[in-house]
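A.B. asks: Encoded as structure tokens, here's the structure I'll be asking about.
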Amino acid sequence: MASVGAVNCKFFLCLLLWLWNFLPPSQGNKHWHENRYPFIRNASSFSSPSISTTTCNNAYDYIIVGGGTAGCPLAATLSQNFSVLVLERGGVPFTNPNVSFLENFHITLADISPTSASQYFISTDGVYNSRARVLGGGSSINAGFYTRANPRFIKKVGWDAKLVNQSYPWVEKQIVHRPKFSPYQRAFRDSLLDSGVSPFNGFTYDHLYGTKVGGTIFDRFGRRHTAAELLASGNQDKLTVLVYATVQKIVFDTRGKKPKAVGVIFQDEHGKQHEAILSNDRHSEVIMSSGAIGTPQLLMLSGIGPKAELQKLNIPVVLDNPFVGKGMVDNPMNTMFIPSNRPVHQSLIETVGITKMGVYIEASSGFSQSNDSIHCHHGIMSAEIGQLSTIPPKKRSPEAVQEFIKNKKDLPVELFKGGFILSKVANPWSVGELRLNNTNVNDNPVVTFNYFSHPYDLHRCVKGIRLAIKVAQSKHFTNYTLCDKKTSEELLNLTVKANVNFITKHPNDTASIAQFCKDTVITIWHYHGGCHLGKVVSPDYKVLGVDRLRVVDGSTFDESPGTNPQATVMMMGRYMGLKILRDRLGKLAGI
């Protein structure tokens, strides 16, 4: 009887765990998160002091603009010793099932409404893209893959390796999981090895040449764990997080030799403006963590950027820096559709082939059967998010995408069986820029990535597609999909008929792999740059030419760290928080 009791106990324990992890948090108490995160409030609850006030209880040691992938761990760390205000333009991820569950991954990206957790934009290259508008940032809307940076990257940016190796595990222990490893991903792994992407390095967070299974921020129930959850590690007495707080500009005192950040002006969810101010301590800072789009955009709106561009929009120039918004890079990605005669369950990124030819090979599969899901989508490659379409290039509008989606609903489900092999160019040499569209912070700036403008990127893409073809033709894939081995031209044809962007297609797409690369390029949302080290920020990420202003996010990168950047961006938030504490407190920081 004791054993039966033990079994029942285990059963009920598992049931409780399932309910906790699987049921949408919106079921039951809508504001369940308020117990764990009592410091998260709507922006309208803020009581504004006057910026002219020199001593005020409402002043903060640190104001972090952007509660994203870097901003959340940064805030949690700094709040151990100092008062921190986080201003996030979006809402919370906890009660949004489209954010929380893997099976609904594409729905947030497909939502183009003003309240969506994702704000879409189309680069001047004609490629659909997205930026986060939610607490947790990109970790709340991405495909979840977690893998550390190449050690070369850590050395290149000058980070303390010991502190880096303390910061990664801090993130991993709280929100990172081992993937379930679907049959499709298993077939992909075996096909990579069969194609020479070896050795097999097993399950690891480390960046190692060969084939590996990485971590994920989706747990075994398919529930997402974002950077927002890292806020729970903060000091609740010193941490304030305001959601729906859209920062309009940074406020500077320009009376001294150098401009000095003194606070920010932000708008709440009702449209009312507020002022948040820094304490008078010279160590207090405004820290930009708004990402590769938001940070350079807000710096320019605040008067830091190319003088001529600012003057065109009648923005008072605080500091002329021609490098703000320059050096924008996105890793070009191309995909190959793999049909299947076997039902394929949805998986996002779980396995990666890290090659020595300058490309990464990944895979995704299936479409969700969720009742909330859009009919017949392909997860990470969904038409609804601009990743698949047969829309003619002259009809470049969101309305055209919606028309395509409407027509797609009538297609038989059988056409959607299968998955994709993804080829991503590592460390592109093609460089673009970001320019202001207007002075409205809610509007996207004009972004150009210049995909494949450098011939070396195109050369590597061709190699990546050839490897993807080899992987797709492997016996491990054909045995799994129950499909006959297809020729290179057949595989390319399957993809070019379905793909993706608003770039003009050419009749020789399947005859020339180089043309295929240029015509079917899409994004995997790993764009970076705009505030490079040595040009916009110093080695300790302080903005050059001004005081009390720092940048901690991917806008400072000149390459995407490793195969997928989110692990390193979260680590960066923790790392810089520890470094700031150590630099400010010395041995008293206990680091």
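From the backbone N, Cα and C atoms, a Cβ is placed for every residue, glycine too.
All TrEMBL annotations are machine predictions without curation.
Since this is a predicted model, take the numbers as computed values, not measurements.
According to TrEMBL, the protein has these features:
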| type | residues | note |
| --- | --- | --- |
| SIGNAL | 1-28 | signal peptide |
| BINDING | Glu88, Arg89, Val134, Val247, Trp525, His526, Gly554, Pro565, Gln566 | FAD binding site |
| DOMAIN | 291-305 | domain 'Glucose-methanol-choline oxidoreductase N-terminal' |
| DISULFID | Cys461-Cys517 | disulfide bond |
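I would like each feature placed in context: is it buried or exposed, what are its neighbours, and how far apart are things?
C.D. replies: In the structure as shown, the Cβ atom of Val134 (FAD binding site) sits within 10 Å of 27 other Cβ atoms.
For the domain 'Glucose-methanol-choline oxidoreductase N-terminal' (291-305), the list of distant contacts is 65-66, 68-69, 121, 131-132, 137-138, 247-250, 252, 315-322, 324-325, 328, 434, 436, 439, 441, 444-445, 447, 527-531, 536, 543, 545-546, 551, 553-555, 557: same-chain residues at least six beyond its ends, Cβ to Cβ under 8 Å.
Annotation for Cys461 (disulfide bond): spatial neighbours Pro332, Asn334, Val359, Ser423, Val425, Phe452, Ile513, Ala514, Cys517, criterion Cβ-Cβ under 8 Å with sequence separation of six or more.
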A.B. asks: Please give the FAD site's span as the largest CA-CA distance among Glu88, Arg89, Val134, Val247, Trp525, His526, Gly554, Pro565, Gln566, to the nearest whole angstrom.
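C.D. replies: The FAD-binding residues span at most 25 Å between Cα atoms.
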A.B. asks: What are the helix, strand and coil residue counts for the domain 'Glucose-methanol-choline oxidoreductase N-terminal' (291-305) according to DSSP?
C.D. replies: 11 helix, 2 strand, 2 coil
A.B. asks: Taking the Cβ of Glu88 (FAD binding site) as the reference point, list residues of the same chain whose Cβ is under 8 angstroms away and which are at least six residues distant in sequence.
C.D. replies: Gly66, Gly67, Gly68, Gly71, Val134, Leu135, Val241, Leu242, Val243, Tyr244, Ala245
